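One structure below.
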Amino acid sequence: MGHYVVLWCVSAFHRTGHVCRGDSTTHRKAFPVLSFNYDHVKTPFEISLWILLALLMKLGFHIIPRVSSIVLESCLLIVVGLLIGGIIKAIKQTAPVLDSKLFFLYLLPPIILDAGYFLPIRPFTENMGTILVFAVVGTLWNAAFIGGMMYGVCQIEGAQLGHVDLLSCLLFGAIISAVDPVAVLAVFEEIHINELLYILVFGESLLNDAVTVVLYHLFEEFSHAGIVTVGDAFLGVVCFFVVSLGGVMVGTIYGILGAFTSRFTSHTRVIEPLFVFLYSYMAYLSAEVFHLSGIMSLIACGVTMRPYVEANISHKSYTTIKYFLKMWSSVSETLIFIFLGVSTVAGPHAWNWTFVIFTVILCLVSRVLGVMGLTYIINKFRIVKLTKKDQFIVAYGGLRGAIAFSLGFLLTNNEMKNMFLTAIITVIFFTVFVQGMTIRPLVELLAVKKKEESKTSINEEIHTQFLDHLLTGIEDICGHYGHHHWKDKYDAYVKRWLIVGERSTEPQLISFYNKMEMKQAMMLVESGSAAKLPTLMSAATLHRRAIPSISKSREEEIRKILRANLQKTRQKLYSYRRHDLVMDPFEDNVSEIRFRRQRAEMEKRVSSNTVIEFVNISSVEVQEISKCLCDCTW
Amino acid sequence: MGSRASTLLREEEIEEIKKETGFSHSQITRLYSRFTSLDKGENGTLSREDFQRIPELAINPLGDRIINAFFPEGEDQVNFRGFMRTLAHFRPIEDNEKNKNPTASEPLNSRTNKLLFAFHLYDLDRDDKISRDELLQVLRMMVGVNISDEQLGSIADRTIQEADTNGDNSISFNEFIKVLEKVDVEQKMSIRFLH
């Protein structure tokens, strides 16, 4: 054994000696304590740096209050992008451009998913007809008008635009005609307009994706082929239906899968949010594989999945989903606008006064004409008509954004591409800066109805359901198969499959009421104030006047309701497992102290209150109630 | 055909109904054919059994109350005029009607009248208040059998608490209007009667 060690040592020394002898002329390198290796982390480092920069900018805007009240956030971000682009150009580096792949695969989906998941369904389905007409017919009109008129403009002598043929113009019209959901969201979010107008413009911007996709591919194919036959045009129409309905179908399938999966996640709550995100993203990507409308697929998935997933998942998962979606969409939006600014400075430009100016004017004109004409037709079929003010806001809110830019970027490289890109950027800048910034004062000026910031009361919930049943009944009496009839049928059959266990039979009213009670109980525990407690008490005292023995049973029922809803969480606090959400043991002690203090305070406040109403409730009952409230910790 | 001759709709009647309810000629004739198809006894009036024969109405939680709303106080038969008068509440509100003669009586499908119709469905004893018991009855119909009385009671209490502003432990018509001010009643309580 010993020889081997010696032999090994000798050979080791021999080796090093060999090396030393070989390198005796060069200085032996010292062991590097600190070294610089940037290439290794280059990509993630740069990405993180960009995102961090974007978010710091966003933070900065909100710290300076005056700026954010006058100028829109999206405008500021574009300006920042311009500055950064300028800096990068000055130091002669290549700037990262708003690559189409990056945009369509990574930046756009979070925004659309966020919008689709939280889409207010009722106004959306009630106005579906109007939205579809605006989205389909409106976009087609825009594309045709702009494309055709631009071709006419190009024929003007002296504009040096003779080389632009009809198909290219139509292609350009198709790209620039679509209202952009990102821009609409960014602007409308800040003006708090009423729900109807919001859903009209936003719904249109989502649903016109199918039209844009079809028109874009159609004209692109045609401009390569050179000759268009009637058969091709017919195929285009068929393609439109396939793209839109196919996208919706793909989205619905994934949505149902997601809802079904969420039925079984009661033991692995931690990964619940991931299912929502991944199924939705897969829906988007699958639709893109077949050149179907990815946006419609994503919306369909979110809309389908939401009611069932929310019934099945835990409260924490719901909060997680909400916050992650908002976070990602916020980051995406910020990045998009900054990159738009950077690409403007970086990209090759071909400025042509005639082309650009006419594009901007025609966009406005076609939008106004389109909205007015369509509203005239639509109002014949609507119950609640659209007023002139509504029409104005819808027309003015037709903003173009990054989707148009990315589609333009995808065009094959030819001499017209740069000119198109320049025009597109100008239109985007015009709509975002001019229209975006002036829409807020205009909304104030025209006194357009704003969104009402208030939570639904239980009265509204009850009476709305009551009216639903009433309307269904009246529709049945008239033999009229309307909205309510189909909704009822759908609800009856589908709910059984997708909601876990007994929750599927729980009436909506009860779950709504339970949610409200839970919220109130949580507020009580967190604030420790007795201000809310009186409402429970006074109702009990009212009963006291009528029937003396109710107060005990009332207390019993409060406890039962709370326990029934909050019981589930208690079991989780006892065993430690890595993939479970467990309360921090340190936190436990701290909160225990806090609760004891709060309880004492509550008792003190209640007992010292000399209002007559409290006299009838004994301190024992107060203790019992506060104990069961404090027992349940989130 | 002989027995039906007396039940055919005369032009003067159509005009009267048009004036009273605001329906158009084609809507009235269409609803008349629906009326006659429901009227199995062929005597020109509908009874409660005629309504109950509609299958979807049987599973509607508020089915009985809706049927009752068609029949005026204490009567068991409703003729076509009464049928149309009730349905007139659900006609969509039109823009041009808003500028009508202010001295004329309010049309049947105004927002207030729509809400009054709904209010009367709650308020069976017609004392112009929705008491706790009346509310409980409606809630029980809408919610089914799985929920306990106490739980339903708490919901009813909370509802009254939210709405009640004058402290009489019941919901008056004005309080009812107030809690529904944010709800788009014009759209919710309108049926698009195809022209």
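In case you wondered, yes, glycine gets a Cβ from its N, Cα and C as well.
Keep in mind that this is a model prediction, so the values were computed, not measured.
What TrEMBL says about this protein:
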TRANSMEM  A:47-64  transmembrane segment
DOMAIN    A:51-444  domain 'Cation/H+ exchanger transmembrane'
TRANSMEM  A:70-91  transmembrane segment
TRANSMEM  A:103-119  transmembrane segment
TRANSMEM  A:131-154  transmembrane segment
TRANSMEM  A:166-184  transmembrane segment
TRANSMEM  A:196-219  transmembrane segment
TRANSMEM  A:231-257  transmembrane segment
TRANSMEM  A:277-303  transmembrane segment
TRANSMEM  A:323-347  transmembrane segment
TRANSMEM  A:353-379  transmembrane segment
TRANSMEM  A:391-412  transmembrane segment
TRANSMEM  A:418-443  transmembrane segment
DOMAIN    A:534-604  domain 'Sodium/hydrogen exchanger regulatory region'
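Note: the stretches the transmembrane segment (A:70-91) and the transmembrane segment (A:323-347) are in contact (3+ CB pairs below 8 A, sequence gap of 6 or more). Proximity of the transmembrane segment (A:103-119) to the transmembrane segment (A:353-379) is not established, fewer than 3 Cβ-Cβ distances being under 8 Å for residue pairs spaced 6 or more apart. Summarising model confidence by region, the domain 'Sodium/hydrogen exchanger regulatory region' (A:534-604) averages a pLDDT of 53. Below 8 A, the CB atoms of the transmembrane segment (A:47-64) and the transmembrane segment (A:323-347) form 3+ pairs separated by six or more positions in the chain. Contact between the transmembrane segment (A:391-412) and the transmembrane segment (A:166-184) is supported: at least 3 Cβ pairs lie under 8 Å, counting only residues 6 or more apart in sequence.
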